[in-house]
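Asker: For reference, the structure I am asking about is given below.
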Amino acid sequence: MFSLMANCCNWLKRWQEPARKVTLVMVGLDNAGKTATVRGIQGDNPRDVAPTVGFSKVDLKQGKFEVTIFDLGGGKRIRGIWKNYYSESHGVVFVVDSSDVQRIQETRETMAEVLQHPRIAGKPVLVLANKQDQEGALAEADIIENLSLEKLVNENKCLCQIEPCSAVLGYGKKVDKSIKKGLNWLLSNIAKDYEAITERVQKDTAEQRALEEQDKKERAERVRRIREESIGSEHMRICAPEVIKEVSL
Ligand code: G3D
């Protein structure tokens with residue numbers, strides 16, 4: 001009887017808790033299936049995808065979580081923007097094209113860079129070993145080995161879960177169960193440490209904004225100086241004939 005009441009109280013407490021806002025960054029090489037995955041979770045057909053040029057932001061409700069996912073373009077030249085989203089992220093979804101054996105080394109290097117980043121290290125990471133429906137796709141154990149995943153997550157103190165999946169299997173309620181399971185794992189691990197991660201997110205975001213602000217001011221100052229200098233040399237050019245005249249008088 002007592003335990004029933006305690007359970008009811010816990011349930012009521014959880015039910016009354018406000019929704020938790022969680023931001024996730026979704027990264028991985030171009031063509032890994034990031035957008036297809038997000039679309040499937042969102043309830044849209046994952047096969048209707050266009051390449052993500054910069055980034056897309058998706059908001060969804062997952063149980064008690066209000067989740068924002070930044071689906072970032074994975075092309076080599078655009079990967080530089082990823083770090084701008086790290087500070088506000090509570091966790092990472094790293095999507096791997098398991099069928100692209102040729103690029104597994106590039107995937108390994110890219111993942112290492114993400115996990116080693118000071119604004120990511122220590123945060124929970126979900127690895128989606130995508131495209132398992134493709135012939136020749138690497139199995140979970142091969143992906144772990146090829147990416148040196150154990151070493152990488154241990155060195156960077158990231159909790160990690162890998163889910164072999166296929167983003168195009170279904171969508172909405174029929175999305176691949178492994179994707180759902182992985183997302184639930186990620187959110188529940190963020191929830192376990194929510195206060196600490198959120199505090200870190202707020203501190204890092206404030207620091208990043210301050211740096212951006214400083215950068216903006218320095219850029220404005222540089223532009224102002226360049227303008228002043230060019231006005232000065234323009235003035236010199238206009239004045240120069242007069243000066244020569246004065247000298248020759
Ligand atoms: P990205 O956002 O990581 O760049 P996309 O990748 O989501 O745009 O997917 C790239 C291509 O891979 C798309 O095909 C998409 O349909 C396909 N794809 C994504 N996930 C899977 C999967 O699990 N299995 C298979 N077979 N294909 C998948 P197109 O033809 O549009 O380039």
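Cβ atoms here come from the backbone N, Cα and C positions, even for glycine.
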Asker: Out of Gly63, Gly74, Gly170, Gly172, which one does TrEMBL list together with Gly28, Leu29, Asp30, Asn31, Ala32, Gly33, Lys34, Thr35, Asn130, Lys131, Gln132, Asp133 for GTP?
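Answerer: Record source TrEMBL; matching candidate: Gly74.
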Asker: Going by DSSP, give the three-state secondary structure for Asp133 (GTP binding site).
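Answerer: Assignment for Asp133 (GTP binding site) reads coil.
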Asker: If one looks at the chain holding Ala32 (GTP binding site), which residues at least 6 apart in sequence have a CB under 8 angstroms from its CB?
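Answerer: Gly74, Val95, Val96, Asp97, Asp100, Thr107, Asn130 - these are the non-local Cβ neighbours of Ala32 (GTP binding site), listed in sequence order.
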Asker: Taking the Cα atoms as reference points, how far is Gly28 (GTP binding site) from Thr35 (Mg(2+) binding site) in Å?
Answerer: 11
